[in-house]
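Quick notes on the structure that follows.
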Amino acid sequence: MDPFDSAASSGSSSGSSSSTVTKPQDIDGLLAGAGYKVRSSDLQHVAQRLERLESAMFNSSSEISQLASDAVHYNPSDIASWVDSILSEFNETASLPSDLSDFPDLFTVSNQTPGNVSWIDPCVAAQHQNLAQNQLTVVTAMEEDSGIKLVHMLVTCADSIHRGDFPLAGSLFVEMQSLLSGINTDCGIGKVAGHFIDALTRRVFTPHDPTTTSTGYENELLYHHYYEACPYLKFAHFTANQAILEAFDGHDCVHVIDFNLMHGLQWPALIQALALRPGGPPLLRLTGIGPPSPDGRDSLREIGLRLAELARSVNVRFAFRGVAAARLEDVKPWMLQVSPKETVAVNSVMQLHRLLGNNNQFSSPLEMVLGWIRSLKPKIMTVVEQEADHNQTGFLERFTEALFYYSTMFDSLEACCKMPEKAFAEMYLQREICNVVSCEGSARVERHEPLIKWRSRLHQAGFRALHLGSNAFKQASMLLTLFSAEGFSVEENEGCLTLGWHSRPLLAASAWQAAPPPDANHPFGETV
């Protein structure tokens, strides 16, 4: 078991009872989150014993089969006792005899080549197979121990950077890289730790490295592969589309404003659904916002032409307008050309969190954008955001939250992805990690916040929540059947929907509407 697996799911099991009575304050909090009971005062002692165990395993290969007994557990709860028991068994094992001629029944002399010794007993072959399996079991346990060390060293390194102790951080980089060399970095804890080590290194040595940012084309490419690789973006699109479709019911002229058009992946499904609407489809206007093309092409128009061709094929009247803007806060309401006769839907998939930086004493980009959205009087605003808290001012808290959030994300990718989509999807997440950890100020745009904070922000901005109906829940649940991996789950949360992996919510979808202003005669909202 990956140490991160237990850490990511600790929230769902924290309420369970335990037969071991230990004062909570005596147990190391970080390892407790990963499912291990280690007293803080014993950390150094346990580390020394783990080093002894590693040395014994690597230097005494003949005795490994004895170490890998049934007493070896992949995720021992009391790691201190476990290491003691293994060391005890190691001390008691006897070395395999060096003179194998004492066991003549295990060998035979070949008739064709006198004196040539070869294996013939099937039992002996089975013993060798068991030996190899036992060796693998021990190596797996050792990798897990190294993984636990890496988690602790990562947090210690982040803390040293937070405190400005860069010499300590530099020495920890060397130790972590050395430890990483003995771990499988193709999956699990090794891969996640490698990304976070890289992000910490960038923060210390190249905080303004331009490679921490990417072009619009690169983002679109990675976004597309991320969409194909796992259910997160599909969940966002399907859920938002269902809510928009229900909001448009009975309206003949509708206008969708998409804050992040990308390849227009979200809209073919909505166009086809509108085509099948009883009574005929409405006139659909789509305004897509996206970054300017670096090569001078009008990529937004190209996407619009493809969507127009699809709409024509299913007899949906369609109009498209592209708005090129490097930042969402650069968009002004007049650019959208909204008509009073239109029923408007605003769609934001993982975009609002990018407005949480650049605050000043007068206003913030988020307040400004929410203000003009409210002025459009949309019938619905769909919002999908990461269910994470990566906008904390304290670097250590932000780092720790990101470490466990992205470990869960990578775990889910391992379960449902195939190459080459998996590699690109991992790059998509790696860039998020780099921005969360390496950047500060206006350069840090991945400022994810959980649903509870978005509820508060949107209520304060004059929006009221709409309930995502049962159809949206059914759509999201059916979507998961497209992925063979078990572990994904859709949950309802006070009218909102969350998509999670092994009970940890990772993405949250919600719907909103501009609340009516208070009565002019009762500015504080009182009713008679």
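Counting begins at 1 with the first residue displayed.
The backbone N, Cα and C atoms fix where each Cβ goes, glycine too.
Automatic, uncurated: that is what TrEMBL annotation is.
Taken from TrEMBL, the feature region 'Disordered' covers 1-24.
The feature compositional bias 'Low complexity' is assigned by TrEMBL to 1-19.
Marked as domain 'Transcriptional factor DELLA N-terminal' by TrEMBL: 28-94.
Taken from TrEMBL, the feature region 'VHIID' applies to 223-288. For the region 'VHIID' (223-288), the DSSP counts in helix, strand and coil order read 32 helix, 12 strand, 22 coil.
According to TrEMBL, the motif 'VHIID' annotation covers 254-258.
Mean pLDDT for the region 'Leucine repeat II (LRII)' (302-334) in the predicted structure: 96. The annotation region 'Leucine repeat II (LRII)' is assigned in TrEMBL to 302-334.
The feature region 'PFYRE' is assigned by TrEMBL to 344-435. Note on the region 'PFYRE' (344-435): DSSP counts are 52 helix, 13 strand, 27 coil.
Tertiary proximity for the motif 'LXXLL motif' (352-356) is limited to same-chain residues at least six positions away from its ends with a CB under 8 Å from its CB atoms, namely 327-329, 364-366, 369, 383, 385-386, 391, 445-449, 454. TrEMBL lists 352-356 with the feature motif 'LXXLL motif'.
For 438-513, the entry in TrEMBL reads region 'SAW'.
Residue counts for the region 'Leucine repeat II (LRII)' (302-334) under DSSP, helix first, then strand, then coil, are 17 helix, 7 strand, 9 coil.
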